[in-house]
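According to Swiss-Prot, the features are:
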- 41-288: domain 'PPM-type phosphatase' (DOMAIN)
- D78, G79: Mn(2+) 1 binding site (BINDING)
- D78, D240, D279: Mn(2+) 2 binding site (BINDING)
Amino acid sequence: MTGREILHKMKESVKEKVGLGASASSADSGKGKSKMLKQITHGFHLVKGKAFHEMEDYVVAKFKEVDDNELGLFAIFDGHLSHEIPDYLCSHLFENILKEPNFWQEPEKAIKKAYYITDTTILDKADDLGKGGSTAVTAILINCQKLVVANVGDSRAVICQNGVAKPLSVDHEPNMEKDEIENRGGFVSNFPGDVPRVDGQLAVARAFGDKSLKMHLSSEPYVTVEIIDDDAEFLILASDGLWKVMSNQEAVDSIKGIKDAKAAAKHLAEEAVARKSSDDISVVVVKFQ
């Protein structure tokens, strides 16, 4: 085994230990649970799509102790024309969020600032990371009581409350932000048979990276806070490989009867494949009960 192969194997081992999941193989999965409230569990599952490139979906799913607090850190990063940028986000975005001095007092502001700092760094490192980009949806569960969700792009977060699906993210579609894009000097294409695209290229209006389009794109996240009470049953984070073929309520209904979070995530991914999704698919499920 060469030195390069040994280093690669060490990196993959570290990723598995800290709860990161991403692979060029056909499927990858994992699970974990809170030490604070053992009934809160998480599971994830990834399936590579049919495109002839490396897997571009990356996942974070882990619990982390910070001083006397416990944080659940969950994320989906869906790359486009890049696996380096979602991989970078896996390693650095939560780290940057938690570095913000006002995180505990004002998590929404801290997250917005960290998203901006992280995107700026990605653009500065374009020679190394490439000129592609990535969507993101992140969820931070603070002491099993408060959930702070942020997103850019079309990776989505949905919470199930008393059997009803409630979106905690916004799909940043180009048509929804057409005025802002045009004010920055860009345009939104609407060709027959195709989705709306920024400058005729990108199907989302907000993303990390995409240096060649950045003047016309935003990386400012939509942020929302949800208190986890007795009504909260579970949370789903997923890339658009799932949401292209399944509505929020269909996804919730599909796993209501599945107690194990990892099995629930796998079921959703497999159902998306059965519905002819050809994209990379990544799913995180967090069970609150």
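Every residue gets a Cβ built from N, Cα and C, even glycine.
Given the structure is predicted, the values throughout are model-derived calculations rather than measurements.
Annotated features taken from Swiss-Prot, shown on the structure.
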| residue | record | Cβ contacts under 8 Å, 6 or more apart |
| --- | --- | --- |
| D78 | Mn(2+) 1 binding site | E56, D57, P86, S134, T135, A136, G153, D154, S155, S239, D240, G241, D280, S282 |
| G79 | Mn(2+) 1 binding site | E56, D57, Y58, I85, P86, G132, G133, S134 |
| D279 | Mn(2+) 2 binding site | G49, A51, S239, D240, G241, K244 |
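Reduced to three states, the DSSP call for D240 (Mn(2+) 2 binding site) is helix.
Per-residue confidence over the domain 'PPM-type phosphatase' (41-288) averages 96 (mean pLDDT, predicted model). D240 (Mn(2+) 2 binding site) has a Cβ environment of 23 other Cβ atoms inside 10 Å. Excluding the listed site residues D78, D240, D279, the same chain places D57, T135, D154, S155, S239, G241, L242, W243, K244, D280, I281, S282 with Cβ atoms within 8 Å of the centre of the Mn(2+) 2 site Cβ atoms. Secondary structure from DSSP puts D279 (Mn(2+) 2 binding site) in coil.
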